[in-house]
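Notes follow the structure.
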Amino acid sequence: MNQEIMNLFNPTTPAQVFDQIRISIASPEKILSWSYGEIKKPETINYRTFKPERDGLFCARIFGPIKDYECLCGKYKRMKYKGIICEKCSVEVTLSRVRRERMGHIELAAPVAHIWFLKSLPSRIGQLLDMTLKDLERILYFEYYVVLEPGLTDLKERQLLSEEEYLRAQDQYGQDSFTAMIGAEAIRELLKGLELEKIDAQLRVEMAETDSDIKHKKLAKRLKIVEAFRFSGNKPEWMILTVVPVIPPDLRPLVPLDGGRFATSDLNDLYRRVINRNNRLKRLMELRAPDIIIRNEKRMLQEAVDALFDNGRRGRVITGANKRPLKSLADMLKGKQGRFRQNLLGKRVDYSGRSVIVVGPELKLHQCGLPKKMALELFKPFIYSRLDAKGLSTTVKQAKKLVEKERPEVWDILDEVIREHPVLLNRAPTLHRLGIQAFEPVLIEGKAIQLHPLVCAAFNADFDGDQMAVHVPLSLEAQLEARVLMMSTNNILHPANGQPIIVPSQDIVLGLYYLSILREGLPGEGKVFGDLAELEHALFSKVIHLHTKIKYRWDSLDDEGKPYQRLIETTAGRILLGQVLPKSVKLPFEVINKLMTKREISSVIDQVYRHCGQKETVIFCDRIMALGFFNAFKAGISFGKDDMVVPASKWKIVDTTRTLAKDFEQQYNDGLITHGEKYNKVVDAWSKATEEIAKEMMKEISAVRKNASGAETQVNSIYMMAHSGARGSPAQMRQLAGMRGLMAKPSGEIIETPIISNFKEGLSVLEYFNSTHGARKGLADTALKTANSGYLTRRLVDVAQDCIITQDDCGTSLGIKMRAIIDAGTVVASLGSRILGRTAGEDVRDPQTNEVIVKKGQLMEERDVEAIHQAGVQEVKIRSALTCELVNGICGKCYGRDLARGTPVNHGEAVGVIAAQSIGEPGTQLTMRTFHIGGAAQINEQSVIESNFEGKVVIKNKAIARNGENHSVAMVRNMVVAIVDPDGTERATHRIQYGARMHVDEGDTVKRGQRIAEWDPYSRPVLTEVEGTIDFEDLVEDQSISETLDESTGIAKRIVIDWRSTRGGADLRPAIVVKGKDGKVLKLARGGDARYMLSVDAILSVDVGAKVKPGDILARISTESAKTRDITGGLPRVAELFEARKPKDAAIIAEIAGTIRFGRDYKNKRRISIEPMDSEEEAREYLIPKGKHIHLQDGDIVEKGDFIVEGNPAPHDILAIKGIEELAAYLVNEIQEVYRLQGVLINDKHIEVIVRQMLQKVEITDQGETDMISGEQIDKIEFDQLNAKARDEGKKIATGTPVLLGITKASLQTRSFFSAASFQETTRVLTEAAVNGKVDPLEGLKENVIVGRLIPAGTGASMAKLREVAMKRDRMILDEREKQATIVPPAAPEAEPLALPPVE
């Protein structure tokens, strides 16, 4: 009954339950079926009566009444006349809400083309008809006729005729001998006449016959569109409109303003133009006006409809009265202000407030201070209902009055309402999920929100005027989710890396650091205390100091967990700190019996969380905070000018470096080094000096001094602050008391003259000026960075939003191999840190005993990782999101541990969004700059290799020569030195630079820190491999070589110049050859002549006739010139990698293993081919610009994947040559490199999730006997499905190769058109989806938000699962009933249906 009454009030049909949404092109019949009537007049409302005009754009007869249950003339009012149509004004009596739902239409007097299908590239109409857009526009806008039926004439079908040609043809052949038309009618006829099946077959034949790649692609594109129309049920002629739909009037309102004027939606103007022109055209046609006038009117109608659908896409933009472009239907959807992003994905919420935040140190971790005034406003409805329930008010109005007067009982009720009702606090910008957390409110006086100090790191909040917003979760479910999932106490670990994010900072750290200092020689040293009271008494009466070394009887737990006491040596302060540590076997006193820096505290919190659980951690954090604040206040640490200690040796170091710089200047003047080398050396010298001064300063500041009585004095305040991690860093201290050092120009280059002063001494005017560049550039960068970083996050979220954990285990045996990452001999990321919290892909075995440490499929916890480390395992295969075989989402095993909880990941976890946030959130900390070489980038080039381990040397691909100076020199590029420990495990491997001096040989034993090899970081040598006499080839003065006199030194050096640009130099091939005694060019051991090709900018080191030995340098290339490429760093580099762009100077990678051969050169390209080792394969050829330095010689042997030309490799090449695993490793490492430089920790799995999303498409190489088209890109899932189908039917299956798409492209090509349309290029996405008749299965998060459902992640996922189970059960019951009905003969009345609960 209730339902029926409700239906009375709700005349519109409720939204049906649907599983998917399909988009297609609307046919004229469909548009008419939506419509409630035709709009014949352009009028909107009557300006005297303000009533809508009949048949106008706001007509009440078509769209429904303006007031609820009241017709326009007022004859019928009230509910009882519901559904009656007034005979006077023809308006149906119903709810006025129907004006938001009912549509109208306009019958067009002449068909017009839909601009989206015409102009949105590629033009769908053009591709179907195989005509160019230019020709189509000529026909549509009445410039040319098109021949439809040539009849028996000489004209061709679809030939374009101008006006004169048309008339001439009519005269020549007679009027009825052929059919030609003009305008949209013509196109409509052409589209109508298409026989898609025939075209399809014809295209397939043509594709099979063609050899040209370009033609094949063109045919494939057309075939795709033909198939789209064949299979989607769309008819091509529907792309030409004969009826235009009119959207409901309440969606394009006309609002009266003060002063009798009206504000109107732009759509009304656009519709008005269409109606006016349409009516005029109808009238002209009735009047049989001349053709030219009618044609002009048709063209104007076409333009009006174009403007309505997409203003400004063709011709000039139509503007309103105030010269502002009118917003068309397409603009309503597009961009940040469009329907998708403004209203469907981003909604404003009620029950919210915002205020400034202040610190609340006395709060517990789960609390926040909420101003009373604010709470009263936010919780009003709850207060009203509670007042009513208590009988303090009878009506809402009365309750309102009570609340407004702020009566005492209202405050009591507010207390009750707020108890255990969490609120959400949010700080913009919300860069990751920790930007919104739930707290229990505590009422406070004042108007500022109080925030707990420990959650500041998660919100990235500080108290310099930041504001935060408060939201109230209303429903019980919302409160439950807030408490269980979003409470600040449930978010202790950072989702990006699994480290604690509830970490003390600043004052707290300083207080704890001060508390845990140990100083020798203080009064009372060595005393023994039995319990805390005794200790506190001694402290209070100043018998001992906090820092005194004492002994204390500590209550510990043994391995069985039984309590016992032991004597420990510690300080009084550390005992106080130990009191807050939870008692656990795993947490002995040693955990805190050391100097507590920020990092130490973080690790203690981590251990407490791992061993004692969440509740203990929260209590521990709160206590530690109170302790820290209290002791920071007690210590009273501050610093004065004298705390900045300038090292005594500063000026000595500065003077030495000055002389060094002068020497380099002199060497340059004498012509021994080039300008670039001088610059590099000077910059190098000064950065070394700065480092040294900083070291000296740190030594002096951190020095332990003793007073007269032999007790250690308190350590320097500045040092305490920096060392503890409370504030400041060694880099900042260096500027305060050391020397400021080198500064960068705005271009990123480094200025050669450093700033020698520090801030204590003060800068000179010139020094200050030099330092302003960097400071100003920093500010400009920050502004740009924020926008760029936000856009990167948005693209990442979009590409990964449908990545959800949907199952426990996909059962794959694939995985990726993990090793420690070693850079320049130091371990940057240990194996343990990379495999922690991942699932083992196979059994991990001890290399010595071969026993299994971790079983296959086991999640590796801390203890497993420790065991793997102890066993010395070098490589572990783990499961990865990249190799997960689920169709939708990822399985729990492949993902591993949920980093924010430290447990296996739950079903429904939105890992894609978490990954995107984890990568995007630190984006603002990355630099924007592209490093220009010639500065900082060279300084961190390393030029020696030292061993980090002890062991024996094993050399792979060994080729060492002794040169003329009797040094051992590396002669090949792929030589690797490995250090092996006694039991044969490889401890480290080092790739040796070509031309490096070797300090060790095969079989040598090395100690830690011993040099293995060194080389000149500033130049690359060309070495000879044979002994003989030098001769030059094609080194012609002023054509390929020039003697440059260094202007400042007058010394000549010979440099190879660009010979292509000189006259007569095009065919030269400059080289140095080594000849034997007989005057013939010597042969090399690997075949080929001893001829060394030179590249541009090589500096010769030998003369004609010089005698050389193997390993001698013939020429050198200054790295400055070999490396003029920019190193893209920071954010742009991350974006470049995720977008899978080809780097500017991309490396050329060998596709096969083989021998290098130099072919005949072209004018400005050099031809290199690789002869394969395997005779089955074909040789590969590469063309390389001549200016590029090729460091390979004829006859060198390269492996598959080696670089032929140095540079950053293009990710697509890596995928094609080395496969998915290598590509993933490359992308993960490169992206991590950028973040590591900034000290940001991100777990590899996040990057893997994004890379998985980039690898979802397959390019078809051979279509087999399937419906796929070779050369097209198709979803991996679809590819597998179609192949499975073909396999079942016994047909030949298609083959394909994986393609890597950039994140923007991948987002636009997702299976969901809703998601793609709301991301970018809305028009294009919707056009394509409509043509293909795409179905959106509503699987991702975005699509579900858009259609207003729970997202299929988190709680939404479990709800969906329950719904599925329920539907299955219902189906079973119904099937059972049907079965029963068929079995039992109808004659027997006593047969009851199955006794099952009724189905609602």
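Glycine is treated like the rest: Cβ placed from N, Cα and C.
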Per Swiss-Prot record, range annotated region 'Disordered' [choices 273-296, 489-512, 1377-1400]
1377-1400
Can you tell me how many other Cβ atoms are located within 10 Å of the Cβ belonging to Asp462 (Mg(2+) binding site)?
12
Which are the residues of the chain, Asp462, Asp464, Asp466 excluded, whose CB is within 8 A of where the CB atoms of the Mg(2+) site average out, their centroid?
Ile357, Ala461, Phe463, Gly465
For the Zn(2+) 1 site built from Cys71, Cys73, Cys86, Cys89, further residues of that chain with CB within 8 A of the site's CB center:
Leu72, Gly74, Lys75, Tyr76, Glu87, Lys88, Ser90, Val91
Under 8 Å between C-beta atoms and at least six apart in sequence, can you list the same-chain neighbours of Cys891 (Zn(2+) 2 binding site), or say none if there are none?
Ile805, Thr806, Gln807, Asp808, Asp809, Cys810, Cys884
Other CB atoms within 10 A, centred on Cys89 (Zn(2+) 1 binding site):
17
Nearest by CA distance to Asp462 (Mg(2+) binding site): which of the binding-site residues is it, out of Cys71, Cys73, Cys86, Cys89?
Cys71
Comparing the binding-site residues Asp464, Asp466, which residue's C-beta has the most other C-beta atoms within 10 angstroms in this structure?
Asp466
Top Cα neighbour of Cys89 (Zn(2+) 1 binding site) in the set of binding-site residues Asp464, Asp466, Cys894:
Asp466
Which one of these binding-site residues has the most other Cβ atoms within 10 Å of its own Cβ: Cys71, Cys73, Cys86, Cys810?
Cys71
If I take the alpha carbons of Cys71 (Zn(2+) 1 binding site) and Cys894 (Zn(2+) 2 binding site), what is the distance between them in whole Å?
64
Where the distance is taken from Cα to Cα, which of the binding-site residues Cys73, Cys86, Asp464, Asp466 turns out closest to Cys894 (Zn(2+) 2 binding site)?
Asp466
